[in-house]
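Quick one: the structure is below, questions incoming.
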Amino acid sequence: HCSGRVEVFYGQRWGTVCDDDWDLVEAEVVCRQLGCGKALSAARGASFGQGSGPIWLDDVNCEGTEAALSQCRATAWGSHNCGHGEDAGVVCTGTHHSCHGGSCGRPFQTDPEGPSAQIVRLVNGSSNCSGRVEVFHEQQWGTVCDDSWDLTDAQVVCRQLGCG
């Protein structure tokens, strides 16, 4: 299954989500956002291991219809009363083949200013930082034509995904 600790990208850093108020509704939003199917469970208590770095979100409260975790109500970015022993996770119905390089979460960037989360992903690569480039537009993923595609374009995608 697609499963693991939930992390979000904010302020050029990856960070975790606290499990306060974390339940199946929030897990459902994450699984949908990542293209990993339906939520089977909302993992609490760092059941996928403790993260490191900032804890970006706490008291996340989704309605269940959101396209991205960033659309759910939560405390201000970085404001929390948690430790990494409370890192949230998800187990989704999707398989690792529907995830990116065997990990659903790594390439996904949450933009608190925007209406949705990540718009670029890499698929079928040997790692999180390699693969076919796809973009999210009008609620669906599509490929990018290679006409005029060059190293400059690739560097933009790599930077956007935190891959250097």
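Our numbering is plain: 1 for the first residue shown, then up by one each step along the chain.
Using N, Cα and C of the backbone, Cβ positions are placed for all residues, glycine too.
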Among C72, C82, which cysteine does TrEMBL link to C62 through a disulfide?
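When TrEMBL is consulted, C62 turns out to be bridged to C72.
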Between C18, C31, C145, work out which one TrEMBL annotates as bonded to C82 by a disulfide.
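In TrEMBL, C82 forms its recorded disulfide with C18.
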Which of these, C31, C158, C163, shares a disulfide with C92 in TrEMBL?
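That would be C31, the partner TrEMBL lists for C92.
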What is the separation, in Å, between the Cα atoms of C31 (disulfide bond) and C62 (disulfide bond)?
13
Which one, from the disulfide-bonded residues C82, C92, has the smallest tally of other C-beta atoms lying within 10 Å of its C-beta?
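Candidates: the disulfide-bonded residues C82, C92. Fewest Cβ atoms within 10 Å: C82.
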Among the disulfide-bonded residues listed here, C31, C62, C72, which has the most company in the form of other Cβ atoms within 10 Å of its Cβ?
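By the 10 Å Cβ neighbour count, C31 comes out on top.
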Taking only the Cα atoms, work out how far C82 (disulfide bond) lies from C92 (disulfide bond), in Å, as a whole number.
24
